[in-house]
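One structure is given below, encoded as C-alpha cells.
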Amino acid sequence: MANPLHLVLLGAALAGLLLSGSSVFISRRAANDVLARTRRANSFLEELKKGNLERECMEENCSYEEALEVFEDREKTNEFWNKYVDGDQCESNPCQNQGTCKDGLGMYTCSCVEGYEGQDCEPVTRKLCSLDNGGCDQFCKEEENSVLCSCASGYTLGDNGKSCISTELFPCGKVTLGRWRRSPATNSSEGPPEAPGPEQQDDGNLTATENPFNLLDSPEPPPEDDSSSLVRIVGGQDCRDGECPWQALLVNEENEGFCGGTILSEYHVLTAAHCLHQAKRFKVRVGDRDTEHEEGNEETHEVEVVVKHNRFVKETYDFDIAVLRLKTPITFRRNVAPACLPQKDWAESTLMAQKTGIVSGFGRTHEMGRLSTTLKMLEVPYVDRNSCKRSSSFTITQNMFCAGYDARPEDACQGDSGGPHVTRFRDTYFVTGIVSWGEGCARKGKFGVYTKVSNFLKWIEKSMRARAVPVAEAAGTPGPTQPTIKGSPS
C-alpha cells in the first residue's frame, strides 16, 4: 500500500505544474518549427545575398525566377533554362557544315553559313530547271548554278524574272474559250513503205531551188498497200469554238481539205512535206470548225512561198516538214491564233516529258472511213522511244516520235497529216510535232508517228524569213495562185 506521504507529495507536484502553465508536450506547429529544415533561399540572411547559381539551382531545384535572379538577363537565363530543364540538345553537334547550334526546349536551331540551309545546315539544293521548271512560266535555262527564264515570241519576262506577260492581243499558245478534255487515243496514220532512212538532225540553210509547183505537178502516188496518204483523228471529240485556234486546213482546187497545218504567225503555217504531193495547187483555210457550215470566222489564203525540207525522204517520211508563207496575213481573233514555238532543249527536257500532247484535224474518223466534216481533237500520251521502235515495221528515225495508245481505238488518221501536235505547259500550248504517218489508223499495238519539231526549230526560223523568189529568177513562170517552192539543204 502506498505511503500517504508519497501520495501527498505527488499531488502537490501535479498541482504546481498546472498552476505554472508548463506542459510535457509541445504543439504540432512548434514541433514542425523544431524539426523542419530551413531552405537556404528562404532564410532571412540568404535573401539579402546576391543570387548564386550553385546555391540556387545546383544544390536544390530552382524556379525560372530564381535563375533569372542569378543571371539578371532574360536571354542568358533562357539559354541556361533550356539546358537545365531537358538537357543540352546541341551536345551532339547536330548542325553540319560549320553551322552554329542554339539549344531550345525539346529542340535546337541551326544558324547556317552561306551555301547551306535546312534544320541541320545541309547543302543548298538549287531550284534548277529540273525542279518545277526552275519556277519559270515558260523557257528555263541553267547558267552558273542558277536559272535563266525566258519567254516565247509575243511575251515579255515579268519583273520577278519568272513570269511571262503577253504583249499581244492574241498571244500564241492560248486557248481563249473552253478547255482541253482528255480522250483516249491510239496514234497511227498513213504508213510509209519499207525503206531505211538517215537519222540526223537539221539546221541547214535555205536556198531557192524548184520552179513553182514543179513538185506539185507530179505528186508521188501513195505507197502500195497504204491505207492512206493523209492522217486523221479516230475517236476524239469536237474542238469547241476557240479550243483549236492554231488549226489550219490545206484545201485543193475542188475546195476539199486534204491535209492540216499549224499556224505559226500571221503569214506562216507549218505542215508536213509529204502533203505537198497530195494536190497540184492548194490554199490554206483557217478558222474553220465545220467544213459544211460557214460560221463567219473562216479565212482562205493563197500560198506565196513553199519551203520544203530538202532532205525529205518520200520512202521513209524522214524530214517530213514544210513551211508555207501566205500572200496575205491571217486576222487573229479568239478562235484563230498561233501556237508557240519552243526552245529546243526545253522542248525535249520539259515539253516532251509531259504525259500527253494534243493532236487535231479533219481526218477520217476510222480507217478507210470518210473524212470528218468537223474539227476533232484528241489527247494522246507520249510513247517512249524503245516502245515506239518495237511497235513499227518501218524505220523510226531521230526526227520522229510516237504518241498514242496501243489498244484504244483512237488516233490520227488519213486527212490529219501535216496537222498540229501541241503540248500544254502552264496553260500555254507549244508546237511539239507534225502529224506524219502511221500503220493504218488506231490499230492495236501501233502508234501514230510525228515529225519531231524540236529538231527543226532553227530550220523553221530560217524558213519563216524566206521571201518569194522574183519571177525573173525562177526557171519558170508561176501562175497567179502558184507558190514559189524553195528547198533547204543542210
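Our numbering is plain: 1 for the first residue shown, then up by one each step along the chain.
In case you wondered, yes, glycine gets a Cβ from its N, Cα and C as well.
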Among CYS151, CYS172, which cysteine is annotated in Swiss-Prot as forming a disulphide with CYS164? CYS151
Of the residues CYS121, CYS129, which one does Swiss-Prot pair with CYS140 through a disulfide? CYS129
If I take the alpha carbons of ASN61 (N-linked glycosylation site) and SER417 (active site, charge relay system), what is the distance between them in whole Å? 86
Cα-Cα, HIS274 (active site, charge relay system) versus GLU75 (4-carboxyglutamate), nearest Å, comes out at 79
Assigned conformation of GLU66 (4-carboxyglutamate) - DSSP reduced to three states: helix
For GLU79 (4-carboxyglutamate) and GLU69 (4-carboxyglutamate), what Cα-Cα distance in Å is obtained after rounding to a whole number? 14
